[in-house]
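> Just dropping this structure here.
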C-alpha cells in the first residue's frame, strides 16, 4: 500500500515538474504577444510595420524550432547489448568493467575519455557516450553534442537544435533593438508630455523599458555563444576541457574560424539565416584538430603563434624579443 502511494506521489511530482517547466516559455510568449499588440495596434507605426513583421516572423519561427526540435540521442550501436549489459552489471571488479568498456569502445568512433582516462559511459542510459555527448538530468537522456539545458525554451540545446537556438538569440537581439530604436522618438514625446493618450504613454514607456532590458541580457548571451562557435566549443566544453586519448586538449575540436562556423551552420551560406537543419554530420562523431593538423601542418603551430602574440603584448615595445630569448 505504501509503495503504491509512493509511486503515485512520485508520478504526481513528475507531472507538476513538467507543467512548471513550461512557465518560463509562457512568460516569454506573453511578453512577446503584448509587445506585438502594443507596437502594432496601440502605437500603429505604419511605416515600420513591414520590417517589424519580417523580424517578428523569423523570431517566432526560430523560437518555435528551438522549443519543439527534439534533442537527438545516440543511435543503437552505442548502447550495450543485452548480454554485454548483463556481463557489465554482474562484474564486481571495477578494473575489469573498465577493460570491458575499452574493448567495446574499440569498435566505435569514440576518442574522448573521462578525466581518469576511462571510456565515457552513462550508467543511466547504459551506453558508451559518443564524443561531445552528455547526459541531461532534466531531460533524463543522453544528448548528442549537448550544450546546455535552457529553461526559456524548455528544451535541451544540442546537435539537433543549436543552430536554431543561435538564430533565436540573433533575431531576439534584432527584435529588441528594432523596437527600442523605433519607439525612442515616441518616448521623447512622452517625456515632453506631447502624447495625448494615457494608454499610449503606458505602452511606449514599457515597450522601451522591456526592449532595452532584454536587449542587454540577450546581446551578452549571444556574444558569448558567438565566441563559442568561433572556437567550436560547447558551453560544457568551455567550463570543462575535453579529454582525448592523448590527454586534455581545450582546442581539440577547433578547426579554424570558417570551418568552425560551418560545423554549426553548414557549407551552404544561403541556409545560414533560415531555421532549416543544415549542420553537417550525424552528431555522433566530429572532425578533430589533430586530424586536420596531420593534413595541414601549419595548423599545428596556430596555437603556438597565438600564445607568442599574447606573450609579446606583455612586454614593452622594443624589448619583446629579448624577453622571449631570456625565457627560452
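Keep in mind that glycine also has a Cβ here, set from the backbone N, Cα and C atoms.
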> In TrEMBL, which of the ranges 168-190, 237-259, 260-282 has the transmembrane segment annotation?
168-190
> Using TrEMBL as the reference, determine which range in 202-224, 294-316 is annotated transmembrane segment.
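Range annotated as transmembrane segment by TrEMBL: 202-224.
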> According to TrEMBL, which listed range is transmembrane segment: 20-39, 80-99?
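In TrEMBL, residues 20-39 carry the label transmembrane segment.
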> I'm a bit unsure how to read this: which one of 20-39, 168-190, 202-224 has the highest number of Cβ pairs shorter than 8 Å with the transmembrane segment (45-64)?
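Result: 168-190.
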> Any residues 6+ beyond the ends of the transmembrane segment (168-190) with a Cβ under 8 Å from its own?
35, 39, 43, 45, 48, 51-52, 55-56, 58-59, 62-63, 65-66, 153, 200-201, 204-205, 207-208, 211-212, 214-215, 218-219, 221-222, 225
